[in-house]
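Trainee: After the structure tokens below, expect a handful of questions from me.
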């Protein structure tokens, strides 16, 4: 494999820079999937022309690509102008969408940085959902089951915790319950609407390798019961039985990123 | 206030649609800050021209604005063409950045949907960080303090939990510790590198109103000790004392979204 030049990217924002970073990573992953040899630098709260001018100068010295999210038309125009003068590539992330919305709605943008982070009802719903998922993680308190929008069940190491957090960021209250043959599942699982419940399943081979790695990472021997075939089979059989009793959907998470599983769950909810 | 027409937006993606949704929300919040009267619909895993054609037809019927993230050049060109035929506004989120990266690096994009969700080292580091933040939330286990990249301390209701999760999404291991005058802070707080520690402070007035609301939400009377001025002052005085002993930075989170506080912490870390 040839050694690649490090790619320098400046994210410039009049707010936090989350949006620019997200888009930059999505685009760059098409070239350098591991984001190796990529040097992303974020400049937040850039809201004066002097600020912009100074950063463009540094970008010029380092031959960095510029990706910007600036909500004021005047600032975007200035950025475009100085980048052109310096012959630097500078991509406007918000401008094209803002122009289109303006055309479609005939409304004028407020042009206030950070409006997306407003402490409105949606924000507090999200914060509440994040706290809910922490509180009702790992079957800590089965009372969460009847309060939740979504309940995830599965054997150990099926990404229940991170998946709960991803869904929480979509403002959904998620409780997750681990299933182990030795412990009777909480009765609330059979009292809830089964449509709210999703069973997470993973191939035996994958589960085996994840658990072996985990044991090794914990400094334990990899032949502990937790990672044996017999144990894993018993756990999965128990899981299948509980899932059938509840009558809920089952999602295979083998080799799937939690973002993808989260999207799958959201789509199934929408279908109903 | 005039009643606004609902704004319809279609997010079309060959992967999950997270990027398009993020950018759409940032741009639209400039027009309708509460995202009221906005109807966002996400179409994930759209990877054939037939798929694109069908969705554009529906978009035409509903006069929806299209925002798309498609990694294949051929698909983007097709989308542009059919949208133009139907005289619909369609904004390409990834194309401009991908072209710029291609020009700067002379590399060709892989054009595989979902590469940003690859199960690589970065992904597993993020998952581990999310699990870490849940495990070491709310002082549950002070051993987390010495293993963490960042330790957050603060009185109750200073957004420690959601902030820990936001930082976890940036692959940082975060432990958070509540401070209450009655409980001796864990000794690990004084053993750690104080640069890793951040105290979260909030104005007394704000804390008072948050806690009153919380009591009411819990169905309790709002004059419980938890929400009295005397109690809040005692807690804040205790917090100040601990923070001075540790010698850590203090961040004011009053009226700040957790995304902004997270960014503040990341910037302070970078400065060092």
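Cβ atoms here come from the backbone N, Cα and C positions, even for glycine.
Pulled these from TrEMBL:
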BINDING   A:154, A:155, A:156, A:157, A:158, A:159, A:160, A:161  ADP binding site
Trainee: Listed in sequence order, which of the binding-site residues A:154, A:155, A:156, A:157, A:158, A:160 sit with a CB under 8 A of chain B?
Mentor: none
Trainee: Give the sequence-ordered list of residues that share a chain with residue A:159 (ADP binding site), lie 6 or more positions from it, and have CB atoms under 8 Å from its CB.
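Mentor: Residues satisfying the criterion: A:200, A:253, A:258, A:261.
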Trainee: Please list residues from the chain of residue A:156 (ADP binding site) whose Cβ is under 8 angstroms from its Cβ, counting only those at least six apart in sequence.
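Mentor: Long-range Cβ contacts: A:178, A:180, A:211, A:226, A:235.
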Trainee: By the DSSP assignment reduced to helix, strand and coil, which category contains residue A:158 (ADP binding site)?
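Mentor: The three-state answer is coil.
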Trainee: For residue A:155 (ADP binding site), what residues in its own chain, 6 or more apart in sequence, show a Cβ-Cβ distance under 8 Å?
Mentor: A:178, A:179, A:180, A:202, A:207, A:232, A:235, A:236, A:238, A:239
Trainee: Which of A:157, A:160 (the binding-site residues) has the most other Cβ atoms within 10 Å?
Mentor: A:160
Trainee: In sequence order, which residues at least six apart in the same chain have a CB under 8 Å from the CB of residue A:158 (ADP binding site)?
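Mentor: Within the chain, residue A:158 (ADP binding site) has Cβ neighbours under 8 Å at A:200, A:201, A:202, A:207, A:253.
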Trainee: Relative to the mean position of the Cβ atoms of A:154, A:155, A:156, A:157, A:158, A:159, A:160, A:161, the recorded ADP site, which additional same-chain residues have Cβ within 8 Å?
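Mentor: Along the chain, the qualifying residues are A:176, A:178, A:200, A:202.
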Trainee: Measure the Cβ-based neighbour count of residue A:154 (ADP binding site), defined as the other Cβ atoms within 10 Å of its Cβ.
Mentor: 26
Trainee: State the count of C-beta atoms found within 10 angstroms of the C-beta of residue A:161 (ADP binding site), not counting that atom itself.
Mentor: 23
